[in-house]
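Per TrEMBL, the feature transmembrane segment maps to 20-41, 61-81, 93-115, 232-249. The disulfide bond annotation in TrEMBL covers Cys153-Cys186, Cys154-Cys170.
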Amino acid sequence: MYYYRYENAEINCCYKYLMFSYNIIFWLAGIAFIAAGFWAWSEKGVLMDLTQVTRLHGFDPVWLVLAVGGITFILGFAGCVGALRENICLLKFFSGVIGLIFFLELTAAVLAVVFQSQVRAWINEFFLANIKGYRDDIDLQNLIDSVQRMNACCGAQTPQDWNQNVYFSCDENNRSREKCGVPFSCCIQDPADLVMNTQCGYDVRRNQSEWSKHIYTKGCIAALEDWLPRNLYTVAIVFVVISLLQNFLKMRGFHQIQNKLMLV
């Protein structure tokens with residue numbers, strides 16, 4: 001079995017280098033994500049003591065950064081080298097993984113629509129588990145604060161969910177200064193304030209009738225459910241455009257190179 005290579009190039013150079021340029025961006029982005037992930041771990045001392053990874057009580061966002069970076073780096077490498085060197089094996093790998101990712105995204109979207117109640121319950125449990133580990137990891141803490149500030153929400157369902165955190169619990173044995181409080185990201189900020197008051201949530205849950213004056217009362221699950229319908233068309237357009245661009249470059253470059261490397 002032999003491969004025959006034509007003397008004259010039949011590959012459209014425009015598509016070839018367009019695909020190379022498109023994928024080198026993903027390759028560099030993957031390197032940046034991986035570097036950011038390891039930098040975050042080094043700041044937390046995880047690289048000096050890897051057992052810290054198993055001691056976390058909540059979700060460590062660094063895992064997500066490293067996973068996205070690793071997948072992006074591998075795909076970017078396969079696409080770049082495959083397009084530049086006209087390597088049919090790398091292009092098949094690139095095409096197959098892109099197709100698999102697209103299929104998994106589509107499957108996840110369909111399952112989320114079909115099993116809405118189960119997905120909502122899982123997200124609620126996931127959020128509550130991370131509320132418990134809020135003070136255990138600075139990256140998790142920043143992630144929860146960002147979600148609460150951006151969506152003007154507090155807790156999974158209500159601000160009372162913060163009672164599950166040992167620092168914010170109203171338990172009589174809790175000696176924390178944050179007892180019966182909420183994180184500052186739950187507070188309604190005055191636009192005139194130039195400096196954020198990080199103690200604004202102290203003792204705020206002691207008087208439920210005053211909640212609406214000081215903190216957001218809507219849970220983040222409900223806030224995210226309200227956000228999705230308002231931005232559904234935007235999310236759908238972005239998803240379709242990215243998918244079409246990926247599949248166009250993938251299939252066009254693949255077929256051009258496949259025409260050149262003919263099996264005889």
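In case you wondered, yes, glycine gets a Cβ from its N, Cα and C as well.
On the structure: features taken from TrEMBL.
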residue : record         : CB count, 10 Å
Cys153  : disulfide bond : 26
Cys154  : disulfide bond : 29
Cys170  : disulfide bond : 14
Cys186  : disulfide bond : 27
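Here the CA atom of Cys186 (disulfide bond) lies 5 Å from the CA atom of Cys154 (disulfide bond). A gap of 20 Å separates the Cα atoms of Cys153 (disulfide bond) and Cys170 (disulfide bond).
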